[in-house]
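Participant: To start, I am sharing the structure in question, which I have written as structure tokens.
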Amino acid sequence: MADPKKEGFLTYAYILLYIALSSGQIFFNKWVLSSKEINFPYPLGLTLLHMIFSSVLCFVLTKVLKIMKVEEGMTHEIYVSSVMPIGAMFAMTLWLGNTAYLYISVAFAQMLKAIMPVAVFVLGVAVGLETMSCKMLLIMSLISFGVLVASYGEININWVGVVYQMGGVVGEALRLIFMEIFVKRKGLKLNPISVMYYVSPCSAICLFLPWIFLEKPKMDEHGPWNFPPVLLILNCLCTFALNLSVFLVITHTSALTIRVAGVVKDWVVVLVSALLFADTKLTMINLFGYGIAIAGVAAYNNYKLKKEATHVSPNDSPNASEHGESSHRLESQPLTRR
């Protein structure tokens, strides 16, 4: 019989690990992209490295060492019709989101990401996955108002960075919508490791093509490539570790826990980034607006969890009810959603 105290300790340890890795990866990416010492202002190239590293490591862990298992049931038709669009949107999300760090602060980028539920809901209504209601309209308005207030309070706003970040938000929203359609129509549920195994190679290909035309010529202009390989490999390894931490949290906790941890992580990123980066200057209007937006996000999460609970049949197992949605979410961050 499992020791409840030990299980509780492990649960908190996994959550703290996820928050630390997720926050740390955002700071790490910002530092790599903006540091004059490293001189690697290539967000597309960095994201491509992440995807290649993730693809290779997933293959080694699942097919060579067989430490982890890939869910069965994937067919060529499902891969082409479902996984490829998801991979393309994932690539777009990470590329645009990382590019935004070249123009805006980490804190402000995080505040803009709070608009995500609005984008997901609007697209969900458009494709028939969501239903408009007065309650949801109120929640979406609250989130939108909070993000607008936070943006109004931004001292050094850069609209190029805002456009990149909002493009990343749209890409992430489309990815989540495709995931929902993927699960509902195909009936195939994948854990995060399986999603990484199938999606990462596709995302790498989607990133490689624009990298050849957009960033490779710039990199060649600076002469022989002498970027720090150890540092870049460590950055890729941290990204993969983040995805593994998401797998651990989802496996040992509930959908509610991962969402609460995500909100805590967002606040940690906003506050800590003000101490780490010179381009981050928080104002009371920033924090007030972000607080409103996060309250709306919390209300949205609560609404979605209640809705999911009503769709769980009495015969479903406890694990199925807890991890129903989480089993097919790819946290990303980002790579998860950085």
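Positions of Cβ are set from backbone N, Cα and C atoms, glycine also.
Features from TrEMBL:
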| type | residues | note |
| --- | --- | --- |
| TRANSMEM | 9-28 | transmembrane segment |
| DOMAIN | 14-301 | domain 'Sugar phosphate transporter' |
| TRANSMEM | 40-65 | transmembrane segment |
| TRANSMEM | 77-96 | transmembrane segment |
| TRANSMEM | 102-129 | transmembrane segment |
| TRANSMEM | 136-153 | transmembrane segment |
| TRANSMEM | 159-183 | transmembrane segment |
| TRANSMEM | 195-214 | transmembrane segment |
| TRANSMEM | 226-249 | transmembrane segment |
| TRANSMEM | 256-278 | transmembrane segment |
| TRANSMEM | 284-303 | transmembrane segment |
| REGION | 311-338 | region 'Disordered' |
| COMPBIAS | 322-331 | compositional bias 'Basic and acidic residues' |
Participant: Would you confirm whether the transmembrane segment (284-303) and the transmembrane segment (77-96) meet the contact rule of 3 or more C-beta pairs below 8 angstroms, pairs 6 or more apart in sequence?
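Facilitator: They are not in contact.
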Participant: Rank 102-129, 136-153, 159-183 by Cβ pairs under 8 Å to the transmembrane segment (77-96) and hand me the top one.
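Facilitator: Ranking 102-129, 136-153, 159-183 by Cβ pairs under 8 Å to the transmembrane segment (77-96) puts 159-183 first.
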Participant: Considering only Cβ pairs within less than 8 angstroms, which of the stretches 9-28, 102-129, 159-183, 195-214, 226-249 has the most against the transmembrane segment (136-153)?
Facilitator: 102-129
Participant: Near the transmembrane segment (195-214), which same-chain residues lie under 8 Å Cβ to Cβ, leaving out any that are not at least 6 residues past its ends?
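Facilitator: Contacts of the transmembrane segment (195-214) (Cβ under 8 Å, skipping residues fewer than 6 from its ends): 44-45, 47-48, 51-52, 54-55, 58-59, 62, 70, 74, 79, 83-84, 86-88, 90-92, 94-95, 243, 328, 330.
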Participant: Determine which recorded stretch among 9-28, 40-65, 102-129, 159-183, 226-249 has the most C-beta pairs below 8 angstroms with the transmembrane segment (256-278).
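Facilitator: Highest pair count goes to 9-28.
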Participant: To the transmembrane segment (226-249), which of 9-28, 40-65, 102-129, 159-183 is linked by the most Cβ pairs under 8 Å?
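Facilitator: When the Cβ pairs under 8 Å are tallied, 9-28 comes out ahead.
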Participant: Can you tell me which parts of the same chain pack against the transmembrane segment (159-183), counting only residues 6+ beyond its ends and a CB-CB cutoff under 8 A?
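Facilitator: For the transmembrane segment (159-183), the sequence-distant neighbours (Cβ-Cβ under 8 Å, at least 6 residues beyond its ends) are 78, 82-83, 85-86, 89-90, 92-97, 99-104, 108-109, 112-113, 115-116, 119-120, 122-124, 127, 129, 151, 189, 328-330, 337.
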Participant: In the predicted model, what is the mean pLDDT computed over the domain 'Sugar phosphate transporter' (14-301)?
Facilitator: 89
